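What TrEMBL lists as [2Fe-2S] cluster binding site is A:Cys69, A:Cys74, A:Cys110, A:Cys114. According to TrEMBL, the domain 'VHS' annotation covers A:52-116.
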Amino acid sequence: MNEVKSLFYRESLLEKLHEIQNSYGYIPEIEIENLAEKYMLPRANVYGVISFYSMFYTEPTGKYIIRICDSISCHLNQSDSVLNAVKSFLNLESHQTTEDKKFTLEIVECLGHCGEGPVMMVNNKIYKKVNKNTALEILNNCL
Amino acid sequence: MLRTEIDGIKIDLDEKMSILEAAKKAKINIPTLCYEDGLSIYGGCRLCVVEVEGEELLKPACATEIKAGMKIKTHSKKVRELRKNLFELIIATHNIDCQLNCLTCSRASNCELKEIAEDIGVSKMRLEPIKRGDSVDNSSYAVIREPEKCISCNRCIRKCEEIQSIGIFTTANRGPETVVTTFKNRGLGNVECTNCGQCILSCPTGALHELYQKDIVLDILNDESKHVVVQTAPAVRIAISEPFSNQAGDIATGQLITALKRLGFDAVFDTNFTADLTIMEEGTELIERIKSGHRLPLFTSCSPGWIKFIEHFYPEYLDNLSSAKSPQQMFGALAKSYYAREKGIDPENIVVVSVMPCTAKKFEAKREEMAGDVDYVLTTRELASMIKSAGIDFLNLEKSEYDELLGVSSGAADIFGTTGGVMEAALRTAAEIITGTELKKIEFEKLRGLEGIKKAEIEIDGLKLKAAVANGLGNARKIMEMIKAGEEFDFIEFMACPGGCMGGGGQPISCDDNILEKRQKALYKIDKNKKLRKSHENPYIKKLYDSYLENPGSEIAHKLLHTKYKARKI
Amino acid sequence: MIQEKLYLKGDKLLDIYGYEFKAIKNALKLGRENTIKKVKESELKGRGGAGFPTGIKWEMAADIKAEQKFIVCNGDEGEPGTFKDRYLLEERPLKVLEGIMIAAYAVGADKAYIYIRGEYSKAIDVFLKTIEAARKEKILDDYFEGSDFKLELKLIRGAGAYVCGDETSLINSIEGKRGRSRIKPPYPIEKGLYNQPTVVNNVESLCCTAEILNPDSEEFSQLGIKGSRGTKLLCLSGDLNKPGLYEVEFASVTLKEIIYDLGGGLKEGENLRFVIPGGISTAIIKSENLDFPYSYQDFEKRGNSLGSGAVIAVSKKHDLLDLMLNVSRFYMDETCGTCFPCREGNRQINKILKSFKNDGKKIDAELVSDIGNTIRLAARCGLGQSSLNFIISVIENYQTDLEIGGKLYA
């Protein structure tokens with residue numbers, strides 16, 4: 001039973017991964033190996049966990065991670081036009097990062113602002129009711 | 001007691017079990033794919049789903065505990081239709097472009113998917129194949145992976161993690177990108193893989209197989225300028241007939257030798273010979289270490305999967321390893337020195353091929369510490385395939401004998417093929433050397449059997465020897481942790497594969513029940529029927545020392561027969 | 001005009017000093033058994049989508065003897081079209097906290113987790129502050145108001161995986177594993193987090209329990225009709241004039257009123273084709289069939305479900321195939337990848353739809369039904385089982401429009 005309690009108090013691997021992701025912009029190999037040791041897991045296993053979640057990266061990401069929702073509610077409100085505008089502005093497809101490591105583009109599923117779509121997220125900040133013009137404006141402000 | 005009904009058959013059960021196990025008792029076969037005896041339940045393939053009366057959704061038989069009063073239909077129309085549809089979905093991910101890939105597959109003759117297709121009566125294929133575009137992973141000297149054939153049943157992952165305690169495989173990504181892979185998709189040659197090949201035995205498809213050398217060996221056999229000698233490991237003779245007869249436990253030493261001669265090898269020798277030699281060298285080392293009390297416990301060093309394991313995970317214990325090379329490597333070293341001299345052949349022209357129950361031996365032969373001793377390593381499976389493709393009627397072959405000089409061995413060498421065998425062989429010799437008197441009983445029953453860890457205290461002339469035997473790397477890890485925790489041993493035999501070499505990753509893929517028991521019985525039978533049962537009594541070993549190696553542990557013996565290992569990063 | 005019923009949306013209060021915790025205090029006064037009894041009597045059903053009676057879940061968990069039990073608040077809202085839990089976490093965090101405390105007290109758990117999806121950064125910030133304040137005020141981590149009830153609460157951020165909304169996947173995720181579903185049984189109430197009895201409740205469900213136990217909103221449990229009690233948060237989106245979050249009393253409004261009254265009808269010049277009534281894991285309802293009361297049983301009668309409460313209006317201007325592809329991509333990308341029917345079935349459906357769109361390759365309804373049936377009957381978790389509801393229902397209703405051949409049976 002003490003084992004269960006100590007597990008409960010153990011810092012969650014997921015939270016630890018968030019911390020690393022936030023400080024490096026990705027999860028470097030050495031950190032995966034450290035976590036594997038700390039949690040007594042094969043490093044392949046930790047890699048498997050990381051790769052399951054779309055907010056974790058094993059390669060460096062851009063300074064700004066641009067997430068554009070294309071789930072049904074945003075899609076009904078022309079998220080595809082926002083998406084296409086951003087794609088061609090950044091010259092990126094989803095899951096790609098610009099060479100200058102400024103932007104990473106992610107087409108994502110529902111961000112939970114479905115009544116105010118299309119929705120776009122720049123790092124932690126939500127932008128609602130964007131259209132292709134406002135979206136590009138937001139990107140320009142990042143430059 | 002639990003009363004249930006499966007397909008109208010009433011059965012009473014005494015204990016809790018899954019629907020799958022209960023159906024087996026009722027002599028009903030339910031198709032499975034991700035299920036494997038001895039591994040945790042995965043419940044992913046869903047082929048074993050059955051209908052439980054009163055429930056609309058189907059239940060996976062492997063993962064559903066049978067309850068009293070359950071009425072189960074394992075082959076109703078609903079279930080059969082669903083399995084067929086499911087099979088279409090599965091097979092679409094299995095690289096079926098019909099470029100004859102079924103015929104060229106490593107599992108052409110024993111494809112589990114094909115068996116399942118037959119069992120469920122697949123009659124149509126309406127889906128287009130899925131192409132993932134993954135390239136073959138040939139980064140390893142031992143195990144090759146063809147991810148395009150992988151259906152993600154996770155058996156390799158579970159085998160590696162649960163039985164071998166390594167965990168080099170993982171499921172990565174999710175959704176349609178879900179794949180089985182290694183750490184950061186590095187490839188098997190670039191991670192902490194021990195090359196044991198147990199994953200190959202678990203794979204239901206041809207996604208995992210050994211690095212093939214059979215074609216190169218066939219080419220070399222056609223090269224007149226080369227003198228090609230072959231050695232066969234103890235565990236090969238009791239498994240080589242399985243792909244021909246589909247039954248385990250037959251002894252086919254004589255047919256094996258004949259087949260190798262027919263294939264064109266210039267001399268057919270026995271790794272058993274150098275197994276006897278290993279006992280002389282390792283036994284001497286053991287006696288010396290016990291006398292001096294240094295670097296105990298002594299660890300055996302014949303299993304290359306175990307060697308790589310300790311290099312990766314317990315490098316601080318490398319000094320405990322016996323410095324004796326494995327029998328395969330000793331053989332290679334002798335073939336190119338002693339044998340060459342005796343026969344007057346230029347060592348440059350000698351090619352050493354070995355037939356091993358093992359995939360890790362392929363890696364061992366490539367180790368820089370002993371490069372050149374052995375040139376090519378074939379698995380038991382590869383040899384069976386060569387025999388088939390040479391049109392040799394293996395089961396009806398006449399028997400032959402091994403060539404002399406490096407071909408005569410004691411029964412102690414034969415049992416190297418099973419867990420506990422090296423220990424028993426070593427004790428037969430060490431006891432007699434220490435006491436100077438003949439052992440009354442040479443069978444060490446406590447060291448026999450298939451348990452993962454066996455411990456015994458053996459008394460030799462007042463000397464108490466704490467011995468342990470571990471098979472399977474998961475058990476090896478347990479013993480290492482016991483040592484770390486302070487438990488004391490003198491001598492430990494480690495084998496990477498469950499059951500020892502007879503259960504090696506290069507052995508024929510299971511075609512029978514209880515193969516390990518049957519193979520083990522066969523090995524002990526060979527030993528029992530031999531007149532010569534102790535390594536130190538082998539006259540050819542005596543001759544070798546008299547005319548070449550001087551005595552165990554001599555300078556020349558060290559040069560040829562001993563080595564060192566190094567720490568590796570995880 | 002339809003009036004909203006403001007309970008869950010009521011008393012916006014972010015200041016913990018002003019919040020009275022009346023519901024948990026009442027629960028402590030009633031005792032565990034009576035608290036559970038009250039929740040059972042309220043007929044509260046889980047608001048995450050599956051609709052399992054909350055009181056029964058609690059009762060079963062309370063009856064299990066274990067040294068350690070866990071409460072997990074499921075804030076991994078990810079069903080497209082749904083944003084009610086985000087609203088509650090951002091705007092009514094104290095009510096969520098109180099709901100967690102009630103649940104923990106009722107089943108006898110002294111440790112709880114709240115799992116909030118990683119994309120909800122504001123909700124995470126708000127709730128972290130709430131936990132911090134509650135610790136400081138000895139509402140958490142200490143015996144509450146001199147009672148024998150003490151609770152520890154930790155927040156775990158999800159990391160971008162829809163499937164973690166499934167309770168067993170969520171448990172795996174908290175344990176630091178891949179968020180794949182577990183085989184049930186055993187259910188979490190028997191063996192959940194770290195194999196201990198665990199109750200997983202949705203954010204909205206827990207807020208409802210805070211209403212049920214609050215003496216000030218005694219009438220909450222009487223709202224609606226038998227089988228559908230209390231209020232429901234509706235997330236209106238799509239082609240509506242007034243999308244947004246609304247709270248309605250069960251069975252007091254029809255789906256039609258929800259669209260045309262609360263939602264303000266369709267945007268100018270557009271005509272309704274169908275409604276997705278409870279997120280994309282539910283089957284569509286054609287515009288002419290909306291005139292029925294919003295209640296669990298009325299949906300059930302129609303072989304449908306009110307799901308997560310995401311009501312999405314879809315006008316005639318959209319291309320059906322495009323929408324099917326959108327939903328199909330969602331499920332294909334979001335399956336955990338463990339069970340073959342869901343992983344391969346959704347991949348194949350996407351492939352079939354794509355080759356129809358790109359190469360004009362006709363869709364065979366029978367093949368789609370075969371795949372649909374395979375997923376529905378044999379997939380491992382609820383996500384998989386319901387993944388084709390939308391697509392199959394679109395084909396069912398518009399087979400001729402889409403020029404799809406063959407017989408649909410699933």
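Every residue, even glycine, has its Cβ placed from backbone N, Cα and C.
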Go ahead and report the DSSP secondary structure tallies for the domain 'VHS' (A:52-116): helix first, then strand, then coil.
21 helix, 14 strand, 30 coil
Using a Cβ-Cβ cut-off under 8 angstroms and a sequence gap of six or more, which residues of the chain neighbour A:Cys110 ([2Fe-2S] cluster binding site)?
A:Cys69, A:Ser71, A:Ser73, A:Cys74
Run through the Cβ atoms and count how many others sit within 10 Å of the one on A:Cys74 ([2Fe-2S] cluster binding site).
30
Can you name the residues of this chain that are 6 or more positions from A:Cys114 ([2Fe-2S] cluster binding site) yet have a C-beta less than 8 Å from its C-beta?
A:Ser71, A:Ser73, A:Cys74
Using a 10 Å radius around its CB, how many other CB atoms surround A:Cys69 ([2Fe-2S] cluster binding site)?
30
Tell me, what is the mean pLDDT of the domain 'VHS' (A:52-116)?
96
